[in-house]
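If you check TrEMBL, you get these features:
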{"type": "COILED", "residues": "667-694", "note": "coiled coil"}
{"type": "COMPBIAS", "residues": "321-337", "note": "compositional bias 'Basic and acidic residues'"}
{"type": "COMPBIAS", "residues": "388-398", "note": "compositional bias 'Basic and acidic residues'"}
{"type": "REGION", "residues": "321-346", "note": "region 'Disordered'"}
{"type": "REGION", "residues": "380-409", "note": "region 'Disordered'"}
{"type": "REGION", "residues": "422-445", "note": "region 'Disordered'"}
{"type": "REPEAT", "residues": "534-576", "note": "repeat 'ARM'"}
{"type": "REPEAT", "residues": "880-922", "note": "repeat 'ARM'"}
{"type": "REPEAT", "residues": "962-995", "note": "repeat 'ARM'"}
Amino acid sequence: MGVALRKSAQWTAAGYGARTLEITPLNEVILKEIMMFVESFIYKHPQEAKYVFAEPLEWKTSLDPSAFESGYIVSETTVKSEEVDKDGQPLLFLSVPHIKIRSFGQLSRFLLTAKDTKLKEAQACIEANRDPVTKILGLDYNAMKDDTSVVHILDKITKDGDPESEIKMKLGVLLKHLDLHLLNHSLKHISLEICLNPAIVKNDIERLKHLSGKGEQTVLESIDYTSDYEFSNGCRAPPWRQIHGEICYVVVKPHDVDTLCITCSAEGVFLNGGKTDDEGGINYERKSEIYKDLVTFLKEKSAKFLENMSKQDVRFSEEWKKEKELKEAPKKEEEPTLQKALPASGKSVLEKNQINFGKSQMTKRLEPSLNWKATVDFKDGGSAQESQEERHGGRLERSGPLVSPGRAQLVRKSAEKIEEIISESSSESEEDEEPPDHRQEANADLPSEYWQIQKLVKYLKGGNQTATVIALCSMKDFNLAQETCQLAIRDVGGLEVLINLLDTDEVKCKIGSLKILKEISHNPQIRRNIVDLGGLPIMVNILDSPHKSLKCLAAETIANVAKFRRARRAVRRHGGITKLVALLDCAQNSQEPAQSSLYDARDVEVARCGALALWSCSKSYANKEAIRKANGIPLLAGLLKTSHENMLIPVVGTLQECASEENYRAAIKAERIIENLVKNLNSENEQLQEHCAMAIYQCAEDKETRDLVRLHGGLKPLASLLNNTDNKERLAAVTGAIWKCSISKENVTKFREYKAIETLVGLLTDQPEEVLVNVVGALGECCQEYENRVLVRKCGGIQPLVNLLVGINQTLLVNVTKAVGACAAEPESMAIIDRLDGVRLLWSLLKNPHPDVKASAAWALCPCIQNAKDAGEMVRSFVGGLELVVNLLKSDNKEVLASVCAAITNIAKDQENLAVITDHGVVPLLSKLANTNNDKLRHHLAEAISRCCMWGRNRVAFGEYKAVAPLVRYLKSNDPNVHRATAQALYQLSEDADNCITMHENGAVKLLLDMVGSPDQDLQEAAAGCISNIRRLALATEKARYT
């Protein structure tokens, strides 16, 4: 932890007063990881939690003594823990505002007590205790804090004769592991950061200006810099703010939200405190999260911008591409001419200079400048490398490197993870983003292995068969998992030699080459080089070899290489999918005598490697289809019956990937695969459990599959796996499977029997978002039943659910609004929701830019309004709430419209609220929606019209706005809910004579007569009442004619 805080955490510059942690995303990540470690410490390591620190951790706390409960002696200004050390001193002592803590147990309890302020407390603790590890373990640890060897730490601590030395040793190891975890986490965070520069920011602003102005189709009303002065480095921020990486400040006026004052910095874009009273002054304090660019920021803040920008995206992209082509064309013409004009030595100098130039572009940091420019436009466009990010199929592409040299290596390390994310897109029409080709510099300080491997590659190139085999064996002895060794092979042309060896007739050379390729192909750049050099077609051909060792190695190497789209496509186009599927059936097709156990083991290994390669290939839709057409599903189903766990993991992994397609789900049912997936949930292997649960999650969209999971006893192991929360990936898969299975009521009954609902409520806090989405989704389904709603309330589940309403994850918000809405159907739960301000939070989600969130929030509001004690007054208490609901009737999304109509039906039960929404123009907006064919919308629209008729002259207004004739057509629908709602609406409308005439002209009487005989009593009465009103009008008209 000490090394991470010194080297990774970002501290304010030294100056007056103590240095403090900056408010940055990286620091937040580090603090949250430390908090998670400390909070769980008391449960995971109870013995070590009692260890008394060498010195107490001291800081100023904002926590009040009244926050402490059992286990503490509390007075007005002091708090002492009942837990004491061997000298009788308390392990926690608070004398407002100073606090001293002397054990991890008390530190863990303190954070749990702090609740919402725990992040602030953790920051204060770290700032006041810059070297916490030394205070915890003593000065003997301080003497070796720069030594990274765990062995040395253990040796140093165990020399102490203290009887507690063993606990101290374990604590030292735990803190060292935390340190490494924090450093690794920091590296991943830094490597994925996107750095902006003045060129990118200016380019974005100029294009947004081009698309802004008056009118509904523009993306913004206006966007302007706060300052017209521009420094020579392209920044407009004052020099004392450029030190913090800030580039410029812009004032943006969107169509649908208030004016925004935005800071554009190297780290990203965020909302600042706005203009101050001083002329031209800015409140620089960050007021929002940091977004990767200006467009992403505005898409989050403005629904109108999101809508209009999506229409402009295609044109925006095409213009930029044309611009880029025009800029690059002259450069491409100049290069060959320049190359020809130079002698050989000159060319090498030019190449070196080009490399150095690229490096300088990569390493150049944004530096403050005091040189003012009197112009707003960039004039030295060649000096600043312009780069534009575009989104294609869910991935980011970049025209040039934007990382500093310290981060270049981190990007390499994290490239594999990034590549995995990119490859999940099922679209194969586009080429993957090619990462920068990282080559070792000639003058770099490289280890001896690099040069030794390069010598071996020379032997491979020029030696005879024996020398080649010896060189391959020697090369295999190196640590090929190390990046230096991998790049050494590539940099000297070793990949070409290894791939050429695959095309020889010598089996030993092929085996040696494949063993090396299998190891080094874990590197994302090398796997791309293998594809570029045509290695995949050769490996695919080796799959036909009679030698099982060759087949295994070729399939494993393909599994490593096929991690990106272009590689997967190459495997399919060269017939690799069919050959890999054939490997799954290796035992039946083999010509060797099946008499030894070695033969059986080889067959299993061949099938395992084939499944491993298919797992990698199955991340694309086209390959999934190819596997299905090659009859792969029955073979995978057969392999599921094996007892070999290392075989089952890739088999289940392949099925899990493929189960996202409907064709596969039908085939999985037909092959009775669900039974085996359920059986393997009881395995001891966590990875196998995870993939089985994920496969069930994918398949359980279908009701028959959900029933099969229950019939084969799959619900009980799923419920029991909820208790193991250490493995978050498995927990996410298990909760996902429970969510989908909970869609069936019979399964919900079983989950209640297995106490799964109580466990799910316990998982509503301190879990990653991917787990929370599934947990809340499962509770939303379970709470459709009254007994489960009561159970969730009694387990204290209402508050954590309401707390999740302030999140930003779209799927999580959809699920949590559904769960809160389901709980609100029970009056006691509704009272808790109202007390926790849950209704206001739901109402605020109606402003969310995502239609699914809006719709789900509107549905959730319906039971809230129905079950609130004073619903009318509660609704009126939300300032601008009724106007917001009415304006949502202008949406284009059918689900949003249906949900809002349902909400209006409930709102209109209160006469005052009905009067207010009438004033806001609800009648013309509802009338405008009448010409729809969507039965769900028809049902709720008719109910809303029926309710709104009960105020003033709304009945007449609906007739004037032509809503009556379309309503009559609703009676021809096949949905009985539509019939009932429409008949009730027509009954209310028939109180007006003109509406009766319109109904009669449109054939309503005949349709209503058929419904008078309906078994639905409400429909009967409404239909009869409407006919009665029409008949009365007819009689009155006839009587008037004769008199």
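Each residue, glycine too, has its Cβ placed from N, Cα and C.
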With a Cβ cut-off under 8 Å, give me the same-chain residues at least six positions beyond the ends of the repeat 'ARM' (962-995) that come close to it.
926-927, 930-932, 935, 938-940, 942-943, 945-946, 949-950, 955-956, 1001-1004, 1007-1008, 1011, 1014, 1016, 1018-1019, 1022-1023, 1025-1026, 1029-1030, 1033
Would you list the DSSP helix, strand and coil counts for the residues of the repeat 'ARM' (962-995)?
24 helix, 0 strand, 10 coil
On the DSSP side of things, how many residues of the repeat 'ARM' (880-922) fall into helix, strand and coil, could you say?
34 helix, 0 strand, 9 coil
In the repeat 'ARM' (534-576), how many residues does DSSP assign to helix, to strand and to coil?
32 helix, 0 strand, 11 coil
